[in-house]
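Features as listed in TrEMBL:
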- 1-45: region 'Disordered' (REGION)
- 149-167: transmembrane segment (TRANSMEM)
- 220-238: transmembrane segment (TRANSMEM)
- 244-272: transmembrane segment (TRANSMEM)
- 284-304: transmembrane segment (TRANSMEM)
- 324-345: transmembrane segment (TRANSMEM)
- 366-388: transmembrane segment (TRANSMEM)
- 403-420: transmembrane segment (TRANSMEM)
- 441-463: transmembrane segment (TRANSMEM)
- 469-490: transmembrane segment (TRANSMEM)
Amino acid sequence: MSSSSGPSIKPHHKNREPRGEIATETTPLLTGEYSEDAELDSSSDTKDVSTATMFWQEMRTIPTYALPVFSSQILEYSLVFVPVISVGHLSTKGLAAISLGSMTGSVTGYSVLQGLASALDTLLPLDTLLPSAYTSPEPHLVGLWAQRMAVVMAFALLPISFIWMNAERILLTLKQDPEVAYLASLYLRWLMLSLPSYSFNCIGRRYFQSQGLFSVQTRIISVVAPINVLLNYLLVWGPEPIRLGFIGAPIATAMSTWLISLSSILYAIYFVPPKAWHPFTRQMFTNLGLLVRLGVAGIGQIASEWWAWELVALAASFLGPIALASQSILITSGALTYQVPFALAMATSVRTGNLLGAKNARRAGVAANASLVVCLILSLFVSGLYMIFQKSWAQMFNNDPEVIKLVASIIPLIALYQVVDGNAAFTSGIMRAKGQQSIGAILNFTGYYMIGLPFGAWLAFSWGLGLHGLWIGLTIALVYCAVIGSIICLRTDWNKEVEKVVARIAEEDRLRKIAEIDFPQLPRMV
């Protein structure tokens, strides 16, 4: 059964019996209801399969992995988009405040948490974790690494919460409008309620996906998303007893993220085989330094591009209201269509990681090449949509003729950006699968902060190109990251990557045995 259709919904206690032969160190663990994936991952059968056949198999597999992720991301993006719409009809100041609050929250909080969680996209110990953890002889390492990441994120929430609590003072220092700064800080204080659940959801998504359960988050969010719309309406615009106005939007968002967390826990307990779970022991407090190092590198890779977008928005605010309104449309559009390459990057990371964990170097390399082709095809499709609706795109957001004209003139740059973004998604997924977040971080830092942003600002303000100049800089930065990253990924020696995984699994097993001696297991809590 392919991952696109998800797991069969059965209580997990009925799935504990092994099917077929007993697993050995060379037997992939994607068995039973994932028999198709298990067949594709088998390292013993690929010698008789031609590279062309294998390539077309992976061309089908990568999209089936990515589609549920894409659906989940689009639905999850609605949790951000709906509050903006609901508050935007209250007042202009309220819309400005929620936009400023969202930008501040993204830069100082959400991007950091996503970067830390990206440490779980790699292979197995020491710098490779989830994908090959599940296909390794010890799938319970998935649960152990998830617990360790929860500990790391708990500590990360402390400075994030401190910044959000003092957001008004920070925004006033940046010369923002006092009323807007106050409302933005009020928004962030209520949004703080969502930080623990948001962190949990970042881990939970990877916990499920590492087991091939790509559709779990989609199913959950497909239920929560309409509830979020209802909550926003009731808390922002509803009847007097429950109407809260401006603060109703962040409260609705927090309630929705907690619903996702609780639903994920219930799904894991009742519908997922327990072989990937690890009982709560003192081992969850070991090897945290490794996750911090990988997480910091992940922040550099993921958040650096995220922050670059926010800096462009800040720069656009100095170009006047027309440019700022146009940039808001372009950012919203870019964030929406970015979900396509992001889903492909996640699918590529997990697919190649699983194949490396199954010691299938040849298919891992073929899967990487197939993912590059898929990324380019879908990116060209999205780019084509931008060009087809070039003159009418902005009308979905605004009716100001000047805004529509400016957005239409920049759409060709956005279309080019989308094509290159598909290539960058490929490199991002492969680097995470190989545990090379630090390389991605270096590429993003040099590309955006040393080339793209300075050059774009120079074009915008010194040469008078305005918003066009900023987007030219962004596009050049992404081209640099995509080209250099592709060269690095395409030169990968996949046999050596498998050897690294085998060595790291052995090392983790040695450390686990030492830990079991030093730290006796606590009573099982789940």
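Numbers run from 1 along the shown chain.
Each Cβ is built from the backbone N, Cα and C atoms, and glycine gets one as well.
A contact between the transmembrane segment (284-304) and the transmembrane segment (220-238) is absent, since fewer than 3 of their C-beta pairs, 6 or more residues apart, lie under 8 Å.
The transmembrane segment (366-388) and the transmembrane segment (469-490) are in contact, since at least 3 Cβ pairs between them lie under 8 Å (pairs 6 or more apart in sequence).
Only sequence-distant pairs (6 or more apart) were considered; of these, fewer than three Cβ pairs between the transmembrane segment (220-238) and the transmembrane segment (149-167) are under 8 A, so the stretches are not in contact. Sequence-distant contacts of the transmembrane segment (324-345) (same chain, six or more residues past either end, CB-CB distance under 8 Å): 62, 66-67, 69-70, 73-74, 77, 81, 99, 309, 312-313, 316-317, 371, 374-375, 378-379, 382, 386, 393-394, 397-398, 400, 403, 406-407, 410, 414, 417-418, 421-422, 424-426, 428-429, 432, 467, 470-471. Tertiary proximity for the transmembrane segment (469-490) is limited to same-chain residues at least six positions away from its ends with a CB under 8 Å from its CB atoms, namely 308-309, 312, 315-316, 327, 330, 368-369, 372, 410, 413-414, 416-417, 420-421, 423-424, 426-428, 430-431, 436, 439-440, 443-444, 446-448, 451-461, 463. If you look at the transmembrane segment (244-272), the same-chain residues 6 or more away from its ends with a CB under 8 A from one of its CBs are 7, 9-12, 79-80, 83, 86-87, 90, 94, 97-98, 101, 183, 186-188, 190-191, 193-194, 197-198, 200-201, 204, 207-208, 211, 213, 216-217, 219-221, 223-225, 227-228, 231-232, 234-236, 238, 526.
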